[in-house]
Amino acid sequence: MACTFSERLAPCSFAAGPAMLPREVLAQIREDLPDWHGSGFSLLEQSFTGTAFKQLMADTEQDLRALLAIPHNYRVLFMQGGASAQFGLLPLNLLEPGQSADYLESGLWAHKAIGEARRHAPVNVVASGAAGGFTALPPVAGWRCNPYAGYCHITSNETGNGLQMPGFPELPVPLVADTTSDFLTRPIAVERFGLIYASAQKNLGVAGLCLVIVREDLLRPPRRGLPSAFSYQVQAMQQSRFNTPPTFALYVAGLMLRWIIRQGGLTLMAARAREKSRRLYECLDSHDFYRCPQVAADRSTINVCFQLENPGLLDDFFHQAARNGLHDLQGHSAVGGVRASLYNAVEMAAVERLVHFMNDFAHHHG
Ligand SMILES: Cc1ncc(COP(=O)(O)O)c(C=O)c1O
């Protein structure tokens, strides 16, 4: 197949994470790396207990609070271990011994969260999309909730299956959300949740930082066996400095937050995500060559997942895409096919290039 784009075009990554960073953010990192704020030291050499770094943490929290309109009775924690560590830490921090939690099994990541939670507490799966191959979200009306559960866990965006919750239910128990892959891509009413968590490496910078936003009344003394560094209450009491926080990831998160604010905030990020994904779904639906099995109402604006009707062409698809500067389009290993992740730093122009390439590939092979 002929290469339709110049090899000189800037390469674009559609990786599910770590994701691309905005060019301005990368330029700022390059500038700050050798000598941070004229201190004579790299930002990598800053003490986390020094005044300058404490200020960076305070500013980062303040920007996040402003962007998400986080109410005063919520604490922001900068933690490590990724969202995967939170899967186990949620029951250990939020439940009494023996108390159960509700979980929605909406896709691969919810399934993992359930597996980890079950190691520490009884879990009630309120509904599952597994029988349908995780191509639709189970309707809230059919959830079998336990009114005595310690919390109900949802996954706002299923990164591997390309499903995104368009809204969030009102429940009698605290709602806990893994928002890792759509955090800061749309406004979210924090006051509707007991706890929100997200790894940083998709829309908040680089790997190493996991953000937890938790309502104060859910904080409790660490239960037996829970390491203090992973206790929400201990970290809240010590402003996330019980131990060394991931300083570089925190610094990049600060840059990302300011970039999002400069761009116009979360309403603008959401509008861009809608437009980018609309272009891709429109292209997919116009060709029999591609198959996008997710029901339209639940399709993710962030991770667009699809198959080629002829899977034998996948290797060529990835190869040709890479030759056109369009990288990291492989689907999740458990799902296969193609996945284009449209995080905040992925520009509309890159999506247009991908659409152009996909039209061309379909015409050539269809
Ligand atoms: C929705 C969701 N939850 C959890 C994770 C796991 O995050 P981490 O690798 O930071 O543990 C991911 C990673 O892609 C994800 O997409």
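Just so it is clear, glycine is given a Cβ too, placed from its N, Cα and C backbone atoms.
TrEMBL: automatically predicted annotations, no manual curation.
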Of Asp102, Asp178, Asp217, the one that TrEMBL places in the same pyridoxal 5'-phosphate site as Ala83, Ser84, Trp109, Thr159, Gln201, Asn243, Thr244 is Asp178
Residues near Asn243 (pyridoxal 5'-phosphate binding site) by Cβ (under 8 Å) yet at least 6 apart in sequence within the same chain, in sequence order, are Ala229
Result for ligand 1 contact check over recorded positions Lys202, Asn243, Thr244 with Cβ cutoff under 6 A is none
Looking at the recorded positions Ser84, Thr159, Asp178, Lys202, the one with the fewest other Cβ atoms inside 10 Å is Ser84
By a three-class reduction of DSSP, Ala83 (pyridoxal 5'-phosphate binding site) is assigned helix
When each of the binding-site residues Ala83, Trp109, Gln201, Thr244 is scored by other CB atoms within 10 A, the minimum falls on Thr244
